[in-house]
């Protein structure tokens, strides 16, 4: 690391700043897991974002290990692996049996199966610089697919004319993170680090523009099933869009779920429900909505 700071002082500075920003983003879900711990329940939250974040961190550590002078990528993604593993462990402790089974299968499929296959193919079918090229494009492809996830949140903001699903502070911090890591990749002449962050910056600017456009608008009332349709997701355990969660934007999970659970608009019944019958259907709809919006967040870790 000392050699890097002497040869690329600006790259070291941007890499260090990127480490700080990304580390703070990793810690963003802490309030969510504090709620899970206090309530002894996962409350409809998904494990998908954390499994994908762990997979991304593993990929970038492997990539950094194949190169020289990539200590800054190793440090932040190592921290990410530890933090995401803790999140997943806590989730497994308090999740219902069905969610535990789904999370275990997802871990085996993605973090063991897919990562193991990538490791095996790059070691057996390529060597030297070619191995770095192959793995670099794998990392770029994964990062780009993850950055597509914010499209559902952007569409939801446009439909509802409400920015409560998209906090400005989060969009701003993620945009700054993309700029910092782009400059880091540019200065060390690593296109695999720089390229994905161009897309990340673009989505960040779009989100901040939408925030400026709709922050004073009167929100439209959106029913639970409309939110689900806008995010194009399924139930808690089988959300298709959840697989596209981003590594760095996982913080949106807590904010989006809090908003949906506290500000959901319910349909008005003509007849008042019996006092003794709790509105369990509404509770189920709220949980499904929370999972749907959580599955549409964006995240990309330290790259």
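For all residues, glycine too, the Cβ spot is worked out from N, Cα and C.
What Swiss-Prot lists as topological domain 'Extracellular' is 1-9 (among others).
Marked as transmembrane segment by Swiss-Prot on the basis of sequence analysis: 10-30 (among others).
Taken from Swiss-Prot, the feature domain 'MtN3/slv 1' covers 13-98.
For 31-44 (among others), the entry in Swiss-Prot reads topological domain 'Cytoplasmic', with the evidence type sequence analysis.
Per Swiss-Prot, transmembrane segment is recorded for 45-65 (among others).
The topological domain 'Extracellular' annotation in Swiss-Prot covers 66-72 (among others) and is backed by sequence analysis.
Using a Cβ-Cβ cut-off under 8 Å and counting only residues 6 or more beyond its ends in the same chain, the transmembrane segment (73-93) has close neighbours at 15, 18-19, 22-23, 26-27, 29, 33, 36-37, 42, 45, 47, 50-51, 53-54, 56-58, 60-61, 63-65, 99-100, 103-104, 107, 193, 247, 301-303. Sequence annotations record features per position, and here Swiss-Prot assigns transmembrane segment to 73-93 (among others) based on sequence analysis.
Annotation source Swiss-Prot lists topological domain 'Cytoplasmic' at 94-105 (among others). Within the model, the topological domain 'Cytoplasmic' (94-105) carries an average pLDDT of 94.
The feature transmembrane segment is assigned by Swiss-Prot to 106-126 (among others), with sequence analysis given as support. If one looks beyond the transmembrane segment (106-126) by at least 6 residues along the same chain, the residues whose Cβ comes under 8 Å of a Cβ in the stretch are 47-48, 51-52, 54-55, 58-59, 62, 88, 133-135, 138.
Per Swiss-Prot, topological domain 'Extracellular' is recorded for 127-133 (among others).
According to Swiss-Prot, the feature transmembrane segment maps to 134-154 (among others), an assignment based on sequence analysis.
Per Swiss-Prot, domain 'MtN3/slv 2' is recorded for 134-217.
Annotation comment: Swiss-Prot describes 155-167 (among others) as topological domain 'Cytoplasmic'.
Summarising the annotation, Swiss-Prot assigns transmembrane segment to 168-188 (among others).
Sequence annotations record features per position, and here Swiss-Prot assigns topological domain 'Extracellular' to 189-192 (among others) based on sequence analysis. Panel annotation: around the topological domain 'Extracellular' (189-192), residues 63, 67, 136-137, 139-140 of the same chain, lying at least six beyond its termini, place a Cβ under 8 Å from a Cβ of the stretch.
Feature annotation from Swiss-Prot assigns transmembrane segment to 193-213 (among others).
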Same chain, outside the topological domain 'Extracellular' (127-133) by at least 6, Cβ under 8 Å from its Cβ: which residues?
63, 66-67
What are the helix, strand and coil residue counts for the topological domain 'Cytoplasmic' (155-167) according to DSSP?
6 helix, 0 strand, 7 coil
